[in-house]
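See below for the structure under consideration.
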């Protein structure tokens with residue numbers, strides 16, 4: 001195809017100290033859908049990842065198990081690869097940060113930075129475990145928060161009041177490793193001169209390489225002042241030694257992102273690809289990182305600064321996503337919702353999760369809720385009842401009455417053209433990572449396809465001998481519409497698409513969507529997808545509970561997060577109690593956004609044109625800071641107070657109030673509803 005693009009796509013590196021869970025899978029599914037879509041469009045895409053295999057937790061866990069760190073990370077890598085393959089994640093290479101490629105690139109980049117005067121040294125004071133004879137990283141110290149006096153808090157931040165501090169400030173600290181009271185020791189550490197890159201980073205922040213929410217967060221960091229970054233750790237430590245030093249190692253977060261380069265270098269060495277073409281400073285290729293919101297700090301500040309300092313190219317874009325919650329709350333081991341990928345795979349088709357995540361994913365940094373009841377309902381409703389049923393209800397007639405041969409012309413050319421015409425819109429949604437919009441549009445088409453079959457009623461036509469040609473045309477048309485739909489869904493449901501290709505006897509490509517299957521044989525129809533049963537979910541939950549109930553309860557230091565939504569927030573107190581009669585006075589309605597635009601003269605207001613089913617309303621809402629691209633709200637459902645008296649404002653009439661949650665300003669989130677809601681529905 002013309003304008004063929006060359007891309008390198010990465011996912012954040014899973015830590016080699018634990019199993020893959022459904023939180024990890026959100027990112028890898030999101031990236032894989034995007035990669036598969038780009039490949040369908042004819043672009044050249046390389047998709048790589050690796051295990052993040054260094055750090056104190058791995059060293060200690062290996063010692064606890066009586067094995068070497070190398071043995072521990074080898075097993076983790078094999079397990080991770082097996083899980084990703086089972087979920088149909090189409091990596092071209094999956095490597096490890098504990099590799100010769102990573103050692104060589106990390107060492108070379110460090111020496112470049114050092115020789116440019118970008119590595120500084122100074123003596124710092126640290127907590128030291130006198131029993132284990134080791135310096136203690138922040139998360140290996142616990143004590144009482146110096147700000148709010150909450151007990152049992154980690155050495156870098158308080159999960160009660162959200163304060164950050166030095167582990168030296170903890171009250172009554174103790175070592176998570178041994179329980180001993182740490183002492184203070186001094187050590188020379190090595191620092192990357194991040195402030196030297198502030199001007200470059202400010203320019204890069206506004207270059208379009210970051211989501212607006214990340215750019216806003218970076219502005220806060222700039223205002224707070226950039227600090228030199230400690231890139232060293234003291235022995236004992238599992239990682240790469242720093243050249244020309246004794247008992248000093250690179251901090252895991254220095255060599256972890258370099259793992260992207262190392263994994264690609266490994267692929268290049270095996271396949272003959274040109275490594276420099278993708279990483280040289282003036283590269284014409286594209287580089288994309290899919291990451292979680294908790295590691296934005298490292299990827300948006302340290303990583304581009306390191307690349308700039310080493311005369312390497314910077315990412316084309318960084319795509320961050322939120323966390324996974326289950327039934328509205330944080331994943332829980334005790335409730336059985338901290339589900340490992342391997343547990344899920346024993347009981348449920350991986351494509352069920354791929355579809356559900358896709359149906360909810362958008363380009364914003366929002367947490368995604370895996371509602372287990374909705375999961376079952378949506379998979380069965382969309383994939384089984386709508387999509388697969390469309391094929392099966394027509395295929396039986398084609399096989400039995402027409403020897404598997406499709407008609408030689410389209411029964412409804414206008415309907416075919418309507419389906420094909422949506423290819424560009426669906427492609428735009430995939431490109432923008434607005435998978436929820438793509439799925440919504442595809443399912444709208446699926447409803448139209450099933451309505452076509454319902455209206456034509458081939459089961460009635462089949463009973464009339466003189467309508468054989470009509471039966472052939474109608475059922476062939478139904479199969480043709482199914483072909484278009486499954487083509488659109490191929491990036492999301494690759495295994496279902498493969499089974500559909502075997503049935504249709506053709507390859508599903510983006511460039512042949514507009515080419516109908518005329519006078520072509522299809523294979524005898526076989527079941528394409530099985531219904532998802534609630535009992536399968538129940539088995540996953542129970543097995544997860546059992547898995548963690550048998551594991552010893554030991555303290556596991558957590559990876560620090562710079563954008564941690566799981567910390568307890570400053571929640572506003574509950575308002576004064578009201579009666580049910582008071583609540584009944586509110587008429588809350590579902591509304592669909594017809595058009596949303598900024599009010600140019602206002603710093604706060606967006607103007608909404610809303611569909612309430614039987615009429616339209618205009619509402620002015622002060623959420624401009626939270627939604628910098630108001631046009632992206634078009635088509636969304638919102639909840640509004642419909643019986644609020646109209647209010648004449650400076651910028652126009654506001655006929656109601658749209659509901660949102662948050663503390664105000666940029667921290668506001670529109671409320672919406674579940675699948676199936678329609679404009680005008682009353683909220684009860």
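Backbone N, Cα and C define each Cβ position, glycine as well.
Feature annotations, courtesy of Swiss-Prot:
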- 145, 148, 158, 161: Zn(2+) binding site (BINDING)
- 333: ATP binding site (BINDING)
- 582-684: domain 'tRNA-binding' (DOMAIN)
- 14-24: motif ''HIGH' region' (MOTIF)
- 330-334: motif ''KMSKS' region' (MOTIF)
- request: Report the member of 158, 161 (the binding-site residues) whose C-beta atom has the most other C-beta atoms within 10 angstroms.
  value: 158
- request: Whole-number Å only: compute the distance from the Cα of residue 333 (ATP binding site) to the Cα of residue 161 (Zn(2+) binding site).
  value: 24
Task: For the motif ''KMSKS' region' (330-334), provide the mean pLDDT of the predicted model.
output: 92
- request: With a 10 Å radius around each C-beta, find which of these binding-site residues (145, 148, 333) has the fewest other C-beta atoms nearby.
  value: 148
- request: Tell me the residue counts in helix, strand and coil for the domain 'tRNA-binding' (582-684), as DSSP assigns them.
  value: 7 helix, 46 strand, 50 coil
